[in-house]
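Asks: When I checked TrEMBL for this same protein, it listed these features:
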type	residues	note
BINDING	Gly17, Asp74, Ala75	Ca(2+) binding site
BINDING	His363, His368, His543, Ile665	Fe cation binding site
DOMAIN	2-117	domain 'PLAT'
DOMAIN	117-665	domain 'Lipoxygenase'
SITE	Trp102	site 'Essential for stabilizing binding to COTL1'
Amino acid sequence: MGRYRVRVATGNSAFSGSNNQVQLWLVGLRAEVELGLRLRPARGQMEDFEVDVSEDLGPLQFVKLRKIHLLIKDAWFCNHITVWVFEQSMEEKEIVFPCYRWVEGDGIICLPETTAWMIRNESQGLFQKHQEEELKARRTLYGWVSWKKGIPLSVAAASEKDLPLDARFHEEKKVDFERTRVVGVTEIALKRLYTLLSSWNSLEDFDQIFWGGKSALAKRVRLSWKDDDFFGYQFLNGVNPTLLRKSSSLPTRLVIPPGTEDLKAQLERKLQEGCLFEVDFSLLAGIQANVIQGERQHLAAPLLMLKMEPDGKLLPMVIQLQLPGSDSPVPPLFLPSDPSLTWLLAKAWVKNSDFQLHELQAHLLKTHLMAEVFAVATMRCLPGMHPIFKLLIPHLRYTLEINTRARTKLISNGGFFDQAVNTGGGGHLDVLRRATTCLTYRSLCPPDDLADRGLLGVPSAFYAHDAVRLWDIISRYVQGIVQLHYLEDEVVRSDPELQAWCREITEIGLCKAQERGFPVSFQSRDELCHFVTMCIFTCTAQHSAVNQGQLDWYTWVPNAPCTMRQPPPTTKDVTLEMVMATMPNVHQACIQMTISWHLGRFQPDMVPLGHHKEQYFSGPGPQAVLNRFQEDLYTLEREIVARNESLDLPYEYLKPSRIENSITI
Ligand SMILES: CCCCC/C=C\C[C@@H](/C=C/C=C\CCCCCCC(=O)O)OO
Ligand SMILES: [Fe+2]
């Protein structure tokens, strides 16, 4: 018996309130009581009321709530319920029941109090029963589907409308997203009209559709894209810093034609000096090129060799556009000393190939589709009271919807890839399949990946430096939360939901990825922390590193052409007509610019890394860990700002304030 003050907190997004009435119960260890209230929750409001309860409820474990609709069903977004208990001769005690979900229909929802997971073993199985019922319902809502064979599984939803309400964009996000789509489609139409009667026979003609440049760096790209150091820089710190690797030997595919022995000597010297680097696009070899509006597009599978200069500049040394084969046993090598248009076209072929692997492998597969697997497995295996659910859920916001939209608008039949990309028309799916077969656990963990690629400690590798710093900061955050809940390794080993989650990701979502180093169980807190750090890094920092740069590096189309309309050159006499006949046409270029802006622009409702408002945990321990996380991020922010001040090209994509807390675009 005692007096209780109850606070009902409603979400702040549009339509979060409800005209339906809400009924509440308090459930204690010894009894439960219906509070007899009928409140209509209002958007953004916290509504308090007090009740005297005659029964001895015992320690509160759940709040139960039900929305009652007479005529119209009106979903309610409940943030949380907080209860203060005033009992005789005891000081007031605050108990929080997090929700952060839509309450639909008229079923009863059970909210466990935030520390429930810690006391679940002593509480007569009440929590166990709740967890089982919750997961049973979640497994119905969140199903797996194989969208295309050979790539990670996805959520079972033909379009975003089929997703559960809790996985949908909130109103503000949806309105902004749809508005941007309309703006983009309108811009394409206007540019088509504007260029109908104009010439398209010089590289400067791309200016006709480059309206003002969507960013300062995009304007710089337009001015400097032809420069070799600017070209090389992008493989270190551009929109795709994931392919560059330090050479440990001359690649076997690099067949040196007779008469170019001095090139071989230069390469070997750079190799000995430890400053030879390479980017190999062999993954594209043999991929079927797209046919766009009846016009066959073309693909290459380049190898690019670069040298790291003492001043940190990365300069291209040689480009081989095709793998040696029966029809071309010694493919021509293109050099900086070639005629300027020839060398420019060879570099353009490299950047077109980089566009394919960036968007399909680095961006879509290694961030979006990985995050989707984490999201579906989390919803299917971890109950809301589980500490790893609470740790991860803020980093999974909106990902299922943005990925579902990508499947219906970008990589679908008739989508962006089919309309304007030379791997479109099905080749893009083969690239995804090939990339999936070489998707290792190590490649998703920067300390391992960058060590394997020889990029640790390279002074001008700013992505590499910032990625390792962020990894360490996120790792400390994850360890802080894990150590509060798993006091020894045995607790990890004996957590059935956690082990099921691990298996669901590796064996189901990633289709038996244990062969590629992914774990099928966690034997220690360290193993758990490493994996969860990878999850959060992938959903935040890594996506930021490969998404934001689309706006800066892809809106000046010649710098990263989305398609190539003529075969790669096989001789050195390249004309401007050949270059313009190869580059994307006006329509394709307009589509590329619009999509790059749509995906790379700053999201108005973005939540910066570590600054989500939802409080899934409570008590001083988790709050102290989160506070330390935010402090570490702010320290890194200041470090990056200071470093960037001395750079001609600041590297901004891993500034914590620019990293979104989840993949939402
Ligand atoms: C530029 C190619 C991107 C390839 C896919 C990589 C990552 C997925 C992407 C998500 C996009 C999701 C939806 C975009 C839909 C835009 C459609 C606009 C035009 C239209 O409506 O037809 O990550 O950002
Ligand atoms: Fe993205």
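Quick reminder: no glycine exception, Cβ is built from N, Cα and C everywhere.
Bear in mind that TrEMBL entries carry predicted annotations, made automatically and left uncurated.
How buried are the listed features, and what sits near them?
Replies: Cβ neighbours of Gly17 (Ca(2+) binding site) (same chain, under 8 Å, six or more residues apart in sequence): Thr10, Arg40, Pro41, Ala42, Arg43, Gly44, Gln45, Trp76.
Secondary structure at Ile665 (Fe cation binding site), taken from DSSP and collapsed to helix, strand or coil, is coil. The local packing around Ile665 (Fe cation binding site), expressed as other Cβ atoms within 10 Å of its Cβ over all shown chains, amounts to 23.
Trp102 (site 'Essential for stabilizing binding to COTL1') falls within a strand when secondary structure is assigned with DSSP. Within 10 Å of the C-beta of Trp102 (site 'Essential for stabilizing binding to COTL1') there are 20 other C-beta atoms, taking all protein chains into account.
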Asks: Quick one: which of these binding-site residues, His363, His368, His543, Ile665, have their CA within 10 A of Ala75 (Ca(2+) binding site)?
Replies: none
Asks: Do any of the binding-site residues His363, His368, His543, Ile665 touch ligand 1, in the sense that the CB is under 6 Å from one of its atoms?
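Replies: Cβ < 6 Å from ligand 1, in sequence order: His363, His368, Ile665.
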Asks: For a Cβ distance below 6 Å to any atom of ligand 2, name the recorded positions from Gly17, Asp74, Ala75, Trp102, Ile665 that qualify, or say none.
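Replies: From Gly17, Asp74, Ala75, Trp102, Ile665, counting a Cβ under 6 Å from ligand 2 as near, the near ones are Ile665.
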Asks: Provide the number of Cβ atoms within 10 Å of the Cβ of His363 (Fe cation binding site), excluding the reference atom itself.
Replies: 25
Asks: In the same chain, outside Gly17, Asp74, Ala75, whose C-beta lies within 8 angstroms of the Cβ mean position for the Ca(2+) site?
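Replies: For the Ca(2+) site, the extra neighbours are Phe15, Ser16, Ser18, Asn19, Asn20, Pro41, Lys67, Trp76, Phe77.
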Asks: What whole-number Å value do you get for the CA-CA distance of His543 (Fe cation binding site) and Trp102 (site 'Essential for stabilizing binding to COTL1')?
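Replies: Trp102 (site 'Essential for stabilizing binding to COTL1') has its Cα 27 Å from the Cα of His543 (Fe cation binding site).
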